[in-house]
Structures are given as C-alpha cells and as structure tokens.
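First, the structure itself, so that you have it in front of you.
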Amino acid sequence: MANLVSPETLEICKQAAGIAGNIFAFGLFVSPIPTFRRIIRNQSTEQFSGIPYIYALLNCLICAWYGCPFISSDNLLVTTVNSVGAVFQLSYIIIYITNTEKPKKFKMSALLVAVFALFAVISIGSMLITDLEFRHLLIGFLSCFTLISMFASPLSVMNIVIQTRSVEFMPFYLSLSTFLMSTSFLLYGVFNFDPFIYVPNGIGTILGIAQLALYFYYHDKSKEESSEPLIESVA
C-alpha cells in the first residue's frame, strides 16, 4: 500500500479513520447511561453486574498505554479514545459501588483496586524494559488480547437472541456503534501498518456485522409473528 499511495495520503486517511473511531466510540461509552440513571433513581443495582465495567476499565487503561509514544509510534488517537473510555468506566464503577449492597461494595472496591494495581505493574514494568521492540510487542499483545476479549463478550447475548428469537437484549444502536468503531480502527490500523490495532478491530468488525445481521433477521421475524392473526380455539 505504501508503494501505491503517498505517505501524505496515508496519514490523512489514518487520521480521518482515527477521528471517526473516537466519535463512534463515544456512542459506546454513553450507552450504559440509561442503566445508571435507573440505578441512581432506585438507589439499587438490582440484578445488574458491575464486572463488565471493571474489565472494560482494564482494557481501556492497557490500550491507552499502548498508544503512548514510548510504547508505540504515532498512535495518539488510540490513547485519547481509551483515556476517555477509562473515565466513563471509572464513573460507572463509582456509581455502582455507591448504590449497591455492602457485600458487593467490598467486592467491587477490591476489584477496582486490583485493576489499578495490575495496571501499575504493567506500566511500570514495561518502562523498566530497555528493549523498545520487546516493550512494544509485550504491551501490544496484552492490548490485543484484552480488546479481542471485549469484542467477544457479546457472543453470550447473541446466543440469547438466537434462543429467544428476540432482540430485546441486543440494542440496535449499541451493535451499530460497535461495528462503526471497529471498522474505523480497523482502517486506522491498516493505514498505520499496526497489526495490534487492525487484527482485534477486524475481529470486532466481523462480530459487529454478525450482531447487526442477527438484529435485522430476528427483528423482522418478531414483526412477522406479531402481525399474524390470532387463531381462536373452538375445541
């Protein structure tokens, strides 16, 4: 690609894809707001789990660290999007801890401390590595692994959609935002020749397409079933 397209054009395309990815990611970050409004209103976390936000925070911290100049070159937009994401996830976790019952408060607080402790070990440990290439590979593989795990998490929801033939638990705009963000950062990684970005986001794009396909298939099925006339029993 570098031989066919000028470096200036590649840079413009990369920046455009990265900015688009930041914008679409914002849609993902704000999607839990209705849930946390309900938690604040009811002053209870009910049956909601806080674990996904703990894992999302760790993922954002590691990916933001990977984008830093002393880990990988020219990936600042990766740091910005994940830094914003980390702030959102931390806010959600604090709200969760504030409004949940005492046993869960302790568990979530302990997990939050563990996340920051683990990130401190990763960040400080990586800076002690003098081999810059090995440092880049180590954090790159870590960020790639956590990101793929995040993208794979909706698989359980997709299974529920297939079993129940209902898209109630798979919001359309959340699936759309996931697809658009993944596609944007897939292109960003390709334009930047960075497999640690385009590989996980390529997987995210495929899973995003699968979610949207399931949504439209079962959404249309639900419409058809609801439009069928009721048959009264004459027995």
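The backbone N, Cα and C atoms fix where each Cβ goes, and this holds for glycine too.
All TrEMBL annotations are machine predictions without curation.
Quick paste of what TrEMBL says about this protein:
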type	residues	note
TRANSMEM	16-36	transmembrane segment
TRANSMEM	48-67	transmembrane segment
TRANSMEM	79-98	transmembrane segment
TRANSMEM	110-130	transmembrane segment
TRANSMEM	136-160	transmembrane segment
TRANSMEM	172-191	transmembrane segment
TRANSMEM	197-218	transmembrane segment
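Show me how these features fit into the structure around them.
Below 8 angstroms of C-beta separation, residues 48, 53, 77-78, 80-81, 84-85, 88-89, 92, 95-96, 171, 173-174, 177-178, 180-181, 184-185, 187-188, 191 of the same chain, each at least six residues beyond the ends of the transmembrane segment (16-36), sit close to that stretch.
Counting same-chain residues at least six beyond the ends of the transmembrane segment (79-98), those with a Cβ under 8 angstroms from any Cβ of the stretch are 21-22, 25-26, 28-30, 32, 36, 39-40, 45, 48, 50, 53-54, 56-57, 59-61, 63-65, 67-68, 104-105, 108-109, 112.
Beyond the ends of the transmembrane segment (197-218), by six or more residues, the same chain brings 75, 78, 143-144, 147-148, 151-152, 154-155, 158, 161-162, 165-167, 170, 172, 175-176, 178-183, 185-190 to within a C-beta distance below 8 angstroms of the stretch.
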Looking at the stretches 110-130, 136-160, 172-191, which one shares the most CB pairs under 8 Å with the transmembrane segment (48-67)?
136-160
So if I exclude everything within five residues of the ends of the transmembrane segment (172-191), which remaining residues of that chain have a CB under 8 angstroms from its CBs? That is, six or more out.
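Result: 1, 10-11, 13-14, 17-18, 20-21, 24-25, 27-28, 31, 77-78, 151, 154, 197-199, 201-202, 204-205, 207-209, 211-212, 215, 219.
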